[in-house]
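Trainee: According to TrEMBL, the record shows the following:
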| type | residues | note |
| --- | --- | --- |
| BINDING | Gly120, Asn151 | anthranilate 1 binding site |
| BINDING | Gly120, 123-124, Thr128, 130-133, 148-156, Ala160 | 5-phospho-alpha-D-ribose 1-diphosphate binding site |
| BINDING | Ser132, Glu265 | Mg(2+) 1 binding site |
| BINDING | Arg206 | anthranilate 2 binding site |
| BINDING | Asp264, Glu265 | Mg(2+) 2 binding site |
| DOMAIN | 43-105 | domain 'Glycosyl transferase family 3 N-terminal' |
| DOMAIN | 114-361 | domain 'Glycosyl transferase family 3' |
Amino acid sequence: MYQQPHTNVKTWRPVVLTAGLLFYTHSPANHIPIKLKYITNMKQILTKITNGEVLTREQTCQIVRHIADGEYNDVQISALLTGLIMRGIKVDEVLGLRDGLIETGQPVDFSPYRVIDIVGTGGDNKNTFNISTCACFVVAGAGYKVAKHGNYAATSTSGASNVMEHHGVQFTADSNRLRRSMEACNFAYLHAPLFAHGMKAVAPVRKMLQIPTCFNLLGPLVNPCRPAYQLLGVANLNQMRLYSSVYEKLGIGYGIVNSIDGYDEISLTGNFKVKTNTMEKIFRPADLGLPTVRPEELYGGATPDEAAEIFNSVLENRCTENRKNVVLANAAFAIKVIERDKDINECLAIARESLESGRALTCLKTYVELNSKNL
């Protein structure tokens, strides 16, 4: 992979990899930079993909750097994305793309906290209400630090950014404001376009292709604060297997949920599967002492205003019992990711107390006050 010098290299040892350079020690002139033979020529990349070869994590990370630097044109990027779709993306390639997007994006330092993100992959075409965003405030109300990474809706009426904006929130990438929010209400919202600069470079191509690409998989993985924990909802079991392999290599605490009837969250419309660092199990709603929910009860509304009203009704504890139960179930499994030794019913009780006591609503109100556009 590397182009080594023609002198005696047996005693040379690579120690630092940065900016496409490999530095060696124990050389006649210590720390001589040697250009890496990264596969950055698009023809070579596409040849490897069409031959069924798998790119390494380092190679795919480097590709993202080149995309962010504008070194590939739209036709080349389109060919790359199409090739990965047709061949099928592999775990190390997902990790490399994720590394590159975080590296080329705006970082967020939440190192004093061990935060959790609750997110779905989207694309299940179910148009449910903002379940994961509601669950975030329930978890925050229970005293856990939550860093929600989200965006505008792609297939539903209202995404996390839509509902935040509806409440008058001014999105920010300012680290001081984000930390102040986390300290005040255990919650910070990271509006994805402010952070993922590498995503902007591929946006025109993704729009032109009009089909899902590997970048659709990356949204849940590129939270710029690199959360210690994540609860992820996926729409199918193939995604569950892929993401679990990714999380295992990242070494974070995770829970992945999938409702067997295709929801990318715990819908309580039937059985659902949960996979974490320590267990893999199919649950019934009755296992949580909860009734089965009809799909129409999860409807997210026809307009952003209607979606915001549903969101508010949940956190104000005036929604239907089944809507509340769905949010509590998702919040409970998020708490379970953090509190591995707690029983899921104990986690459910913690979530219920947060919502019914009004603490979840207080978190929302405090967050909105701190981040209002009027400030």
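Glycine residues also receive a Cβ, built from the backbone N, Cα and C atoms like all the rest.
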Trainee: In whole Å, how far is Asn151 (anthranilate 1 binding site) from Ser132 (5-phospho-alpha-D-ribose 1-diphosphate binding site) when you measure between their Cα atoms?
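Mentor: Rounded to the nearest whole number, the Cα-Cα distance is 13 Å.
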Trainee: Validating a neighbour-count step here. Other CB atoms within 10 A of the CB of Gly120 (anthranilate 1 binding site): how many?
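Mentor: Around Gly120 (anthranilate 1 binding site), other Cβ atoms within 10 Å: 26.
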Trainee: Sort the binding-site residues Tyr152, Arg206, Glu265 by C-alpha distance from Gly120 (anthranilate 1 binding site) and give me just the closest.
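Mentor: For Gly120 (anthranilate 1 binding site), the closest Cα among Tyr152, Arg206, Glu265 is found at Glu265.
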Trainee: Kindly assign His149 (5-phospho-alpha-D-ribose 1-diphosphate binding site) to one of the three DSSP-derived states: helix, strand or coil.
Mentor: strand
Trainee: When you tally the Cβ atoms that lie within 10 Å of each candidate's Cβ, which of the binding-site residues (His149, Arg206) has the highest tally?
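Mentor: The residue with the densest Cβ neighbourhood is His149.
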Trainee: Helix, strand or coil: which one is Thr128 (5-phospho-alpha-D-ribose 1-diphosphate binding site) in, per DSSP?
Mentor: strand
Trainee: Specify the count of other C-beta atoms within 10 Å of the C-beta of Asn151 (anthranilate 1 binding site).
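Mentor: Its Cβ has 18 other Cβ atoms within 10 Å.
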Trainee: How does the domain 'Glycosyl transferase family 3 N-terminal' (43-105) divide up by DSSP, counting helix, then strand, then coil residues?
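Mentor: Per-class counts: 47 helix, 0 strand, 16 coil.
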Trainee: Can you tell which of Asp264, Glu265 has the least company, meaning the fewest other C-beta atoms within 10 angstroms of its C-beta, among these binding-site residues?
Mentor: Asp264
Trainee: Around Ser132 (5-phospho-alpha-D-ribose 1-diphosphate binding site), how many other C-beta atoms are within 10 angstroms of its C-beta?
Mentor: 25
